[in-house]
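Step one of this worksheet: look at the structure below.
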Amino acid sequence: MPKTCDVVVLLSGTGSNLQALIDSTRTGDSPARIAAVISNRADAYGLQRASDAGIDTRALDHKAFEGREAFDAALIELIDAFNPKLVVLAGFMRILSAGFVRHYQGRLLNIHPSLLPKYKGLHTHERALEAGDTEHGCSVHFVTEELDGGPLVVQAVIPVELQDSPQSLAQRVHVQEHLIYPMAVRWFAEGRLALGEQGALLDGQLLAASGHLIRN
């Protein structure tokens, strides 16, 4: 079995993806271990989820810093105190500085509620419906300096139903997020997933531009 892979999770909200990660790392055979959960909001419910699971929590208020770089420097110091092999963004509502991204290059993952490169940024479900898309989904990717633009690891695809609203679509996408994020974290923890010069590598093989595709 691979050595334990310590993970730090960053979040700003309720932490539903965090809960999926906690549940998946408690299966007994997962090499991933969540060492700490850090939020820029002290009232984020995700911190309570972590505390309930016996995981270290920290809050670092971005409003206490003069700019993004100063906040990110303090955040790096906080993260590195836990010496993680992987940093996971789980609804962390901050645009990260280039210095932060470079510091964690190849060990920083994010999940996004669209089939990237479509619909970077916010309001992805509304935009998919407005465009008349027949498919929608979510993506896990390595983080680079381009917002929501890093190499894709895995995507889950679902059909858009005629009666879908942004809320119903979001609900169904969340179900897929809670499956593919733990999968990607486990791959990394097992040493199967890495960032290469040309893109994401799984078991030493370059993944397609769309990442590992799962259709539902």
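Backbone N, Cα and C define each Cβ position, glycine as well.
Here's what TrEMBL has on this protein:
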DOMAIN    7-185  domain 'Formyl transferase N-terminal'
BINDING   Gly15, Ser16, Asn17  N(1)-(5-phospho-beta-D-ribosyl)glycinamide binding site
ACT_SITE  His112  active site, proton donor
SITE      Asp148  site 'Raises pKa of active site His'
(request) Would you kindly give the Cα-Cα distance separating the residue listed as 'active site, proton donor' and Asn17 (N(1)-(5-phospho-beta-D-ribosyl)glycinamide binding site), rounded to the nearest Å? (result) 11
(message) Taking the Cα of His112 (active site, proton donor) as the centre, which of the recorded positions listed as Gly15, Ser16, Asp148 lie within 10 Å of it?
(response) Asp148
(request) Could you check the binding-site residues Ser16, Asn17 and say which one's CB has the most other CB atoms within 10 Å? (result) Asn17
(request) Specify all same-chain residues, apart from the site residues Gly15, Ser16, Asn17, whose Cβ lies within 8 angstroms of the center of the Cβ atoms of the N(1)-(5-phospho-beta-D-ribosyl)glycinamide site, ordered by sequence. (result) Leu11, Gly13, Thr14, Leu18, Gln19, Ala20, Leu21, Gly46, Arg49, Ala90, Gly91, His178
(request) Quick one: pull the CA-CA distance for Gly15 (N(1)-(5-phospho-beta-D-ribosyl)glycinamide binding site) versus Asp148 (site 'Raises pKa of active site His'), whole Å only. (result) 19
(message) DSSP secondary structure for Ser16 (N(1)-(5-phospho-beta-D-ribosyl)glycinamide binding site), reduced to helix/strand/coil, please.
(response) helix
(request) Give the sequence-ordered list of residues that share a chain with Asp148 (site 'Raises pKa of active site His'), lie 6 or more positions from it, and have CB atoms under 8 Å from its CB. (result) Asn110, His112, Leu116, Pro117, Lys120, Gly121, His141
(request) Going by DSSP, give the three-state secondary structure for Asp148 (site 'Raises pKa of active site His'). (result) coil
(request) Could you say whether, by DSSP, His112 (active site, proton donor) belongs to a helix, a strand or a coil region? (result) strand
